[in-house]
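A.B. asks: This is the structure I want to talk about, given as structure tokens.
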Amino acid sequence: MVPQALLLVPLLGFSLCFGKFPIYTIPTKLGPWSPIDIHHLSCPNNLVVEDEGCTNLSGFSYMELKVGRISAIKVNGFTCTGVVTEAETYTNFVGYVTTTFKRKHFRPMPGCMYSRVQLEDGRSPQIEESLHNPYPDYHWLRTVRTTKESLIIISPSVTDLDPYDKSLHSRVFPGRKCSGITVSSTYCSTNHDYTVWMPEILRLGTSCDIFTNSRGKRASKGSKTCGFVDERGLYKSLKGACKLKLCGVPGLRLMDGTWVAMQTSNETKWCPPGQLVNLHDLHSDEIEHLVVEELVKKREECLDALESITTTKSVSFRRLSHLRKLVPGFGKAYTIFNKTLMEAEAHYKSVRTWNEIIPSKGCLRVGGGCHPHVNGVFFNGIILGPDGHVLIPEMQSSLLQQHIELLESSVIPLMHPLADPFTVFKDGDEIEDFVEVHLPDVHEQVSGVDLGLPNWGEYVLLSAGTLIALMLIIFLITCCKRVDRPESTQRSLRGTGRNVSVTSQSGKFIPSRESYKSGGETGL
């Protein structure tokens with residue numbers, strides 16, 4: 001099974017360096033031809049490890065994507081909305097209480113939300129009494145404001161994670177996208193000013209369950225790592241690889257579109273923006289098995305042809321075509337010139353269409369120009385037909401090409417996920433079933449003495465009170481003066497009573513009562 005796999009992946013991997021799957025390999029450079037004996041013929045070694053000179057194989061661990069198609073990476077979270085319910089009461093002179101209820105919003109703090117979620121983790125989600133109006137208190141001639149701050153948490157709220165830039169996608173975000181959760185920013189803004197979205201687990205990498213650990217063999221030459229043989233025995237070359245992070249995990253995107261995370265000392269550049277990785281589903285794996293079977297068949301055909309050559313001691317152009325190297329890289333090229341078996345060093349490249357190597361009638365393009373033929377013979381079984389057309393034996397079989405085209409059409413890139421509008425709440429679901437309300441202590445604020453009047457009323461009342469007070473003062477002053485006036489008259493009469501005398505009608509002098517008393521007393 002290992003040789004089969006080693007045939008498949010170099011062919012696919014190195015062909016993808018050119019962006020497409022190959023149908024043929026053609027030398028770009030041909031060394032000088034030299035005659036050889038028939039026993040020097042051999043089937044090509046399609047192990048790319050030897051081509052790169054990396055013959056040192058050592059076991060190591062690496063991380064790769066899981067087998068199977070990944071449609072979307074779901075991240076569970078919740079939305080949190082801050083609601084302030086306020087009750088305002090006023091009690092007038094006679095004790096009549098007027099109550100006004102108000103509801104406002106506030107932007108919740110992420111730290112408070114996580115603490116509340118942890119406290120209420122074991123409880124069933126429901127709408128609690130805190131959504132109702134708070135029980136108001138009252139004081140005579142005062143305004144009392146009683147407020148309740150509630151955190152309304154709606155869970156679950158599912159979003160899609162983009163593995164390339166760790167951005168989140170959902171219809172609850174502005175523009176349906178959140179730039180991602182970082183150390184400094186643990187939440188995402190939503191379309192509501194007072195509602196934020198937060199993941200259940202801050203580390204988004206734990207939600208990205210698309211990796212698996214594997215064991216393989218590292219192919220190296222000194223300190224340089226050329227590639228590795230994966231857990232299934234497939235060789236992966238690091239030539240042309242670039243660095244790419246998936247879900248925040250650094251790794252390498254290989255030229256065949258696969259992604260691996262492994263330690264290497266090679267200097268590798270970052271992938272350009274928008275670079276994607278390929279995933280294969282089970283259908284693609286089945287097609288790969290078809291390609292493997294076809295390549296194994298070609299390997300067996302090469303061995304059969306070589307056995308036939310050594311047994312019969314005869315060589316034909318058709319048999320030489322089986323000795324062609326199937327993957328890009330260094331190898332051998334064979335031909336027959338003037339009944340002499342010839343060999344040359346060659347470096348092969350992949351070919352996508354026949355027009356690349358046969359641009360016109362009678363022209364076989366090698367190294368940018370038409371390769372000369374010797375009496376109608378080129379190399380690797382390629383000859384010039386009687387009508388002047390170039391004939392390639394592999395052009396007669398299209399089965400491998402059909403399999404490769406199927407495989408190419410089945411390559412699935414891991415695209416940026418699109419938020420499904422039905423992932424948050426499906427039709428018929430009741431949001432109340434997912435609501436948790438977390439209520440801190442009730443806040444109560446008592447104002448000073450308040451008469452319950454508007455500003456102009458307070459001024460009128462103050463003016464009237466001042467006028468009444470002034471009138472009351474004037475009244476009191478007036479009353480006090482009236483009380484003091486009789487007392488002053490009596491005092492003046494008492495002070496002059498000893499000097500008063502009365503003259504009777506007879507002309508006699510009648511002294512005052514005091515004089516009369518004193519005189520009478522003395523007379524007696």
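Cβ atoms are placed via backbone N, Cα and C, with glycine included.
The signal peptide annotation in Swiss-Prot covers 1-19 and is backed by sequence analysis. Taken from Swiss-Prot, the feature topological domain 'Virion surface' covers 20-459, and the record attributes it to sequence analysis. What Swiss-Prot records for CYS43-CYS302, CYS54-CYS226, CYS178-CYS188, CYS208-CYS247, CYS242-CYS271, CYS363-CYS370 is disulfide bond, and it gives similarity to another entry as the kind of evidence. Residues or ranges marked as S-palmitoyl cysteine by Swiss-Prot: CYS480. Summarising the annotation, Swiss-Prot assigns topological domain 'Intravirion' to 481-524.
I'd like to know what surrounds each of these features in this structure.
C.D. replies: Across the topological domain 'Virion surface' (20-459), mean pLDDT in this model comes to 76.
Taking a C-beta cut-off of under 8 Å and a sequence gap of six or more, CYS302 (disulfide bond) has these contacts in its own chain: CYS43, PRO44, HIS322, LEU323.
With a cut-off of 8 Å between CB atoms and residues at least 6 apart in sequence, the same chain places ALA219, SER220, LYS221, LYS224, THR225, CYS226, GLY227 near CYS54 (disulfide bond), listed in sequence order.
Look at CYS188 (disulfide bond): DSSP puts it in a strand. Counting only same-chain residues six or more apart in sequence, the Cβ atoms lying under 8 angstroms from the Cβ of CYS188 (disulfide bond) belong to LEU168, PHE173, CYS178, SER179, ILE181, VAL196, TRP197, MET198.
The secondary structure of CYS247 (disulfide bond), as reduced to three states from DSSP, is coil rather than helix or strand.
Take the CB of CYS242 (disulfide bond) and look out to 10 A: across all protein chains shown you find 14 other CB atoms.
For CYS370 (disulfide bond), the same-chain residues 6+ apart in sequence whose C-beta sits under 8 angstroms from its C-beta are GLY362, CYS363, LEU364. DSSP gives CYS370 (disulfide bond) a strand state.
Less than 8 angstroms from the CB of CYS480 (S-palmitoyl cysteine) sits no same-chain residue that is six or more residues away.
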A.B. asks: Could you tell me which of these disulfide-bonded residues, CYS208, CYS226, has the fewest other Cβ atoms within 10 Å of its Cβ?
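C.D. replies: Looking at the disulfide-bonded residues CYS208, CYS226, the Cβ with the fewest others within 10 Å is that of CYS208.
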A.B. asks: With DSSP assignments reduced to helix, strand and coil, which class does CYS302 (disulfide bond) get?
C.D. replies: helix
A.B. asks: At the level of the C-alpha atoms, what whole-angstrom distance separates CYS208 (disulfide bond) and CYS242 (disulfide bond)?
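C.D. replies: The separation of the Cα atoms works out to 21 Å.
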A.B. asks: Among all protein chains shown, how many Cβ atoms are found within 10 Å of the Cβ of CYS271 (disulfide bond), not counting that one?
C.D. replies: 17
A.B. asks: Helix, strand or coil for CYS43 (disulfide bond)? Use DSSP.
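C.D. replies: CYS43 (disulfide bond) sits in coil per DSSP, no helix or strand.
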A.B. asks: Just counting, how many other CB atoms are there within 10 A of the CB of CYS247 (disulfide bond)?
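C.D. replies: Counting Cβ neighbours of CYS247 (disulfide bond) within 10 Å gives 20.
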A.B. asks: Cβ neighbours within 10 Å, counted over all protein chains: which one of the disulfide-bonded residues CYS43, CYS178 has the most?
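C.D. replies: Sorting the candidates by Cβ neighbours within 10 Å, the top entry is CYS178.
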A.B. asks: With DSSP assignments reduced to helix, strand and coil, which class does CYS242 (disulfide bond) get?
C.D. replies: strand
